[in-house]
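K.L.:
Sending over a structure as structure tokens; questions will come in a sec.
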Amino acid sequence: MASEGYQLPALPYDYNALEPFIGARIMQLHHSGHHQTYVTKLNAALKGTDDIQKPIHELQYDAISLGGPARNNGGGHYNHSLFWTLMAKPGSSNPAPHGQLKLKIEDEFQSVDGFKKQFNDACADVFGSGWVWLGVTQDGKLSIETTMNQDNPLMKGAPLSKNSASKSQVVGTGGVPIIPILGQDVWEHAYYLSYENRKVEYFNAWWNVVNWDKVVEYYDQFASKQTPVPAGALFKQSNI
């Protein structure tokens, strides 16, 4: 962590790299506009505190207890720092999960297509803004979870809606230990310029840019060992 606070990480690809599925203008606004704002406001919220020295993944654990600005902007910073790495130029990554993660998905969701359908259904069910995650539970199982606004499953006390078994089930509050390895941004700013109100079309198109190599890496190296994806793994930088 740099002494001056958190910084906006550079994208691992150009703004136009995800076209035609996600446009360059959306990526520019999303990264240099929305994400930069989260970083700026997070630094302001934590200025003069010891918390500003924490790696961003560690800040998530107690973000809710630090108050609204730290929760919202700290979550926004971690969520997006992870999100950018989960995408890649079409054709540059494996088009599907592989290795142990593929076997886990097929075992728990019957097929990769079955998993994608449940994940897309969870995205479509979000009312308002939020995120949908694939994560690993404490007992090593995969779970699809929904968090609202900029919350994520690492936050102690964040409400989680569990979609893997039944959409009516609620994990509730209490810091359920779930390690996210894949996340979809369901905020309108992630897609509206290109897809307008056709968000289901966006959810389907998004799979064309998912970086499955990175998702598998996060599962193998971190989540399968009950370790959150650390800041240093996201962009190989220590100052995010």
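Placed from the backbone N, Cα and C atoms, the Cβ positions cover glycine too.
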K.L.:
Given TrEMBL annotates His30, Asp185, His189 as Mn(2+)-binding, which of His80, His98 belongs to that site as well?
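P.N.:
My reading of TrEMBL gives His80 as the candidate in that site.
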K.L.:
When secondary structure is assigned with DSSP, how many helix, strand and coil residues does the domain 'Manganese/iron superoxide dismutase C-terminal' (97-216) contain?
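P.N.:
Helix, strand and coil residues of the domain 'Manganese/iron superoxide dismutase C-terminal' (97-216) number 48 helix, 28 strand, 44 coil.
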K.L.:
Let's check the environment of His80 (Mn(2+) binding site): how many other CB atoms sit within 10 Å of its CB?
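P.N.:
His80 (Mn(2+) binding site): 24 neighbouring Cβ atoms within 10 Å.
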K.L.:
Once His30, His80, Asp185, His189 are set aside, which residues in the chain still have Cβ within 8 Å of the Cβ centroid of the Mn(2+) site?
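P.N.:
Here the nearby residues are His31, His34, His35, Phe83, Trp187, Ala190.
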